[in-house]
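Per TrEMBL, domain 'Palmitoyltransferase DHHC' is recorded for 153-279. Residues annotated as transmembrane segment in TrEMBL: 45-67, 73-92, 196-219, 239-260.
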Amino acid sequence: MMLTPAHHFRDIERKPEYLQPEKCVPPPYPGPAGTMWFIRDGCGIACAIVTWFLVLYAEFVVLFVMLIPSRDYVYSIINGIVFNLLAFLALASHCRAMLTDPVRAAEVPTLLTVTAASPALTSPLSQGAVPKGNATKEFIESLQLKPGQVVYKCPKCCSIKPDRAHHCSVCKRCIRKMDHHCPWVNNCVGENNQKYFVLFTMYIALISLHALIMVGFHFLHCFEEDWTKCSSFSPPTTVILLILLCFEALLFLIFTSVMFGTQVHSICTDETGIEQLKKEERRWAKKTKWMNMKAVFGHPFSLGWASPFATPDQGKADPYQYVV
């Protein structure tokens, strides 16, 4: 039986010696269970710091330039509560996306079985990638592979590779259902943290839109009133701060709205950004858009979908079908 071209990109062998397990030594990173997930990448850390700085800058301008000096206390209180709540949820989502392992812990790797009676490869759904550097001789032998069963090995991180996994050169490991590596959250967007990344883009887009609307109303108010009375800062300083906030909000509104749309589309089609870019052949069962949304945000639908503090309940997963 001939395998599809997509399989030729992977190291598929049954015998441990062909996988060169003697070259695989389990590294100490990422550490024991319970260790906080954090990528030690200088560029990603800098981008994450910049993200927080820009949100805090928006907080400063909204509060101390527009809302606190305002004599309309109802307007200030309502907009202050809404903006701070959205900003808090955005930063909380950013932290969850950055500090959450993008793959779910799994102890058993995916085993693909080739049967002569069926033109398909069937596999139980693996909950994420297996530990980094686990393609050792002892571990492969412990799997007790039966005739027709094969495993995938990543030659870069020396791991037994689960289905739909791609190697990230920044995280230095294979990420199952990897969409892309985002420097702004200093992490890969994978099956386990995609919800938090989607919420992060959504809340950033909302606070950007909210800030733009408030800047517009504030400019109108200052044009109608005396500029010295519409802010506790001098008129030139006020104008500069507002223009910078307007530019920042417009830029991030466009960027995060596009990212939010592409992420939702990717979830609904159950096809990651890398799979779309590489035009990989679809070898997994097609599900409804609603089922795909629940697979990311949790079963069943609830207000927890919008909360970065609610860990998605994945529910009972169905096995994938891999066609050759």
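Quick reminder: no glycine exception, Cβ is built from N, Cα and C everywhere.
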- Note on the structure: In the same chain, residues at least 6 away from the ends of the transmembrane segment (196-219) whose Cβ sits under 8 Å of its Cβ atoms read 55, 58, 61-62, 65-67, 79, 82-83, 86-87, 89-90, 93-94, 96-97, 100, 182, 185, 189, 230, 242, 245-246, 248-250, 252-253, 256-257, 259-260, 263-264, 267, 296, 306, 308
- Query: What same-chain residues lie close to the transmembrane segment (45-67): Cβ under 8 Å, and 6 or more beyond its ends?
  - Reply: 75-76, 79-80, 83-84, 87, 90-91, 94, 98, 183-186, 204, 207, 211, 214-215, 218, 231-233, 238, 241-242, 244-245, 248-249, 252
